[in-house]
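According to TrEMBL, the feature domain 'NnrU' maps to 141-359. Taken from TrEMBL, the feature transmembrane segment applies to 97-116, 139-158, 170-192, 212-237, 258-285, 337-355.
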Amino acid sequence: MATSIFLSHPLFHFPPLSSKHHKIPTPKQTSAIIACHPSIKHTKKPFFNSHFPFPYKPRKEIWSISVGRTQIDDKDEILVGEDSAEFQLSKQKISSWVYFTGILGVVLYVLNVIWIDNSTGFGKSFIDAVSSISDSHEIVMLSLTLIFAIVHSGLASLRDKGEELIGERAFRVLFAGISLPLAVSTIVYFINHRYDGVQLWQLQSIAGLHELVWFSNFISFFFLYPSTFNLLEVAAVDKPKMHLWETGIMRITRHPQMVGQVIWCLAHTLWIGNSVAVAASVGLIGHHLFGAWNGDRRLAIRHGEAFEVVKNRTSVIPFAAIIDGRQKLPEDYYKEFIRLPYISITALTLGAYFLHPIMQAASYRLHW
């Protein structure tokens, strides 16, 4: 919930890559790719020979990855975005992960002292201040979500200017330092008050409902935004980047975090069935719908024509681009998910399910 707290032109056809092994071109390489296509109007003649990063001779391209391998056939389009969830063990530095572990420990310690611990932190005071707005748990829940949404999306919209002023790493620290405490407060309040409010329906005794809700929640975490997998960038160990992803879950929906949040909310609301759950879901889904629009706007500014190509062959609604033929899945598409980040997500999701009692007990002790 923390990461979650929060169709179009014909598909372009590009000439296949050469037989050499290339990585998927990054967005910076895409201007020449786009310029060479006859369906796009030009103000100047494209400089094919000097700027196009690959030979024009059509051949089959196979690009390698660490866990799982994807093949681009002659009929497939050149990917102008990046390969999501790619993790190459050979490129990892032990020192980077040591830094990551240290930073994570420091962040958790500071978060506990400054925000979570009721004797030293400001978390309870913040919850009390928001709760003073109304005696209604629904209004408080919506207010907490709205505050988080304004801060989180607001800072995201200011990312370009912020990075120019203070740098990518410093802005990431500022972004996380403000967003994380607000996310924790919203989550804890939801856990502590999820059974308050008016009971609207009671379906928990229906056979098979628990399994449906469990499976829906499990699937929702596979729609995590691929940037979440870049843990070293999240912790600012590596310089944070604004990626343009195109493979994996992005083929199904261009805004997987929004889709995952909708699935999560619907499943929890169906199970709990009261007004607080409805309020939380309305707030979270509304925030992520705005985030989808805002994300497209920001990607268009940052990546220009490359984003337009990706936008034209993907969709916000899951599977829509696949159904209408704008997105053609590779024959071995499943291999884009047989990667370490998705294996890790599977383990963490299962672990979170079994740790629900511990998470609930920790939330209750805060009395938020």
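From the backbone N, Cα and C atoms, a Cβ is placed for every residue, glycine too.
What you see is a predicted model, and the numbers here were worked out from it, not measured in a lab.
The transmembrane segment (258-285) makes contact with the transmembrane segment (212-237), as judged by at least three Cβ pairs under 8 Å among residues 6 or more apart in sequence.
Taking the domain 'NnrU' (141-359) as a whole, pLDDT averages 94 in the prediction.
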